[in-house]
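Marked as (6S)-5,6,7,8-tetrahydrofolate binding site by TrEMBL: Leu161, Gly165, His166, Leu167. Per TrEMBL, the feature domain 'Serine hydroxymethyltransferase-like' maps to 19-120, 153-426. Under the heading N6-(pyridoxal phosphate)lysine, TrEMBL lists Lys273. What TrEMBL lists as site 'Plays an important role in substrate specificity' is His272.
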Amino acid sequence: MSLNAESTAFRSALEVIRAVEPRVADAIGAELADQRESLKLIASENYASPATLLAMGNWLSDKYAEGTVGRRFYAGCQNVDTVEALAAEHARELFGAAHAYVQPHSGIDANLVAFWAILADRVESPALKKAQVRQVNELTEADWFALRRELGNQRMLGMSLDAGGHLTHGFRPNISGKMFDQRSYGTDPATGLVDYDKVAEAAREFKPLILVAGYSAYPRKVNFRIMREIADSVGATFMVDMAHFAGLVAGKVFTGDFDPVPHAHIVTTTTHKSLRGPRGGMVLCGPELADQVDRGCPMVLGGPLPHVMAAKAVALAEARRPDFADYASRIVANAQALAEGLLRRGAKLVTGGTDNHLVLIDVSGYGLTGRQAEQALLDSGIVTNRNAVPQDPNGAWYTSGIRIGTPALTTRGLGTAEMDATAELIHTVLTQTTPGSNPDGTPSKAKYVLDPTLADKVSKQASDLLTGFPLYPSVNLA
Ligand SMILES: *Cc1c(COP(=O)(O)O)cnc(C)c1O
């Protein structure tokens, strides 16, 4: 692929869009310019390849393709079958999974597919068998009523939000919390690490139907072999949501006990975080749950997005290349360099470091809330997000943490030297920021004071750091 072809493709696309609604074309162009300028440390974001992006913008989007490969409820799905089968094949090969379902539109959707596959397998199927019928429409009103009550009365054990768990692992604001009776396991207050004895104890007491592992803000590895043993000891289905770290599994950084695929009954993921594909989701499982997982649409998902499945096939093909393993190991080396750079300058980090792609700074060490720190860094050209820390005294809105991740900057080509420079910039901003106060003189959790001259100076240094590492170097829109 010549550099020229990529520029031509995007330029032509924008020209076609501009003829209809120029403001959309302008916003797309402006997004590229903004992304090129920003020191993006958001742990859940990345930059998909031009081939992945282009695979999404076409007429595959025009097809309805409810059903699965070769078994569609609509005619004329042969090309959708081709791309869906390719995406699934690449996913199975990449992760060593028996089955891959590539239709979920996002990570949350993938989790819903997994939850309902487990409920169908463990609650609905036995009820149908007991009533000696083949499907739910054949149940009597009384049996159906009883089954619905049973489906809504199951238990889930997952990681607590402030330890880094995800809202979709049974928390009340999400549908999963309304569906399941949920309890969570936290981390050891002294070390910040998962305490497997405590997880086992909670599992013994609570007897969950589903034990969930996986996180959005935990900077360490999880031993999935031990978690599976715990699940087995109480008859729970073991599910891993690898949304954040799928790229590290794909790139063979997480292997053995730390690779969820051989240990979990079912694995869910996004495709757009460290995996570097299009915005979307995916479910991996063994043969036991495959049929139930394939019912994701129309069970909980709207019609498949064939253009996104095409892009998943492209991105997964990229992730199977040897250079992806190199990328994945550089993500972790960069996160560790960032952590070391921060620690050396006196920052307080949750768990004292990282084994993966993310670092969680406890900004109470700088006398700030997460919200103050996030805004001060943003003023200084550094894009991060605030995040709760374990036992956070400031709650989920203001928080006491800043989560930073390296997948995006690693894609851009930045290395450990630039990570140390980034640590210096972050530390400088946070030491120079002071908490503000409300009009009545009480301390504010949102307001802060940062000398605008310093913010400008750091912004300039941040953009200088990026100059040697052009984003989408093959794409010239000018
Ligand atoms: C990001 C994330 C999700 C949600 O993914 P979406 O694509 O935004 O729906 C689910 N689970 C975990 C652990 C995540 O980090």
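Every residue gets a Cβ built from N, Cα and C, even glycine.
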- [ ] Round to the nearest Å and give the CA-to-CA distance linking Lys273 (N6-(pyridoxal phosphate)lysine) with Leu161 ((6S)-5,6,7,8-tetrahydrofolate binding site).
- [x] 19
- [ ] Report, in whole Å, the straight Cα-to-Cα distance of His272 (site 'Plays an important role in substrate specificity') from Leu161 ((6S)-5,6,7,8-tetrahydrofolate binding site).
- [x] 22
Open item on the list: Using Cβ atoms only, which residues of the same chain lie under 8 Å from Leu167 ((6S)-5,6,7,8-tetrahydrofolate binding site) while being at least 6 residues apart in sequence?
Closed with: Leu161, Pro173, Asn174, Ser176
Task: Remaining residues near the recorded (6S)-5,6,7,8-tetrahydrofolate site, that is with C-beta within 8 Å of the centroid of the site residues Leu161, Gly165, His166, Leu167 - done: Gly158, Met159, Ser160, Gly164, Thr168, His169, Phe171, Tyr215, Ser216
- [ ] Determine, to the nearest whole angstrom, how far the Cα atom of Gly165 ((6S)-5,6,7,8-tetrahydrofolate binding site) is from the Cα atom of His272 (site 'Plays an important role in substrate specificity').
- [x] 18
- [ ] Among the binding-site residues Leu161, Gly165, His166, Leu167, name every one whose Cβ is found under 6 angstroms from ligand 1, counting any of its atoms.
- [x] His166
Open item on the list: If I take the alpha carbons of His166 ((6S)-5,6,7,8-tetrahydrofolate binding site) and His272 (site 'Plays an important role in substrate specificity'), what is the distance between them in whole Å?
Closed with: 16
Task: Count of other CB atoms lying within 10 Å of the CB belonging to Lys273 (N6-(pyridoxal phosphate)lysine) - done: 26
Open item on the list: Give me the long-range Cβ neighbours of His272 (site 'Plays an important role in substrate specificity'): same chain, 6+ apart, Cβ under 8 Å, in sequence order.
Closed with: Glu45, Asn46, Ala48, Pro278, Arg279, Gly280
TODO: By DSSP assignment, list the helix, strand and coil residue numbers for the domain 'Serine hydroxymethyltransferase-like' (19-120), in that order.
DONE: 59 helix, 9 strand, 34 coil
Task: Segment confidence, the domain 'Serine hydroxymethyltransferase-like' (153-426), expressed as mean pLDDT - done: 97
Task: Number of other Cβ atoms within 10 Å of the Cβ of Gly165 ((6S)-5,6,7,8-tetrahydrofolate binding site) across all protein chains - done: 25
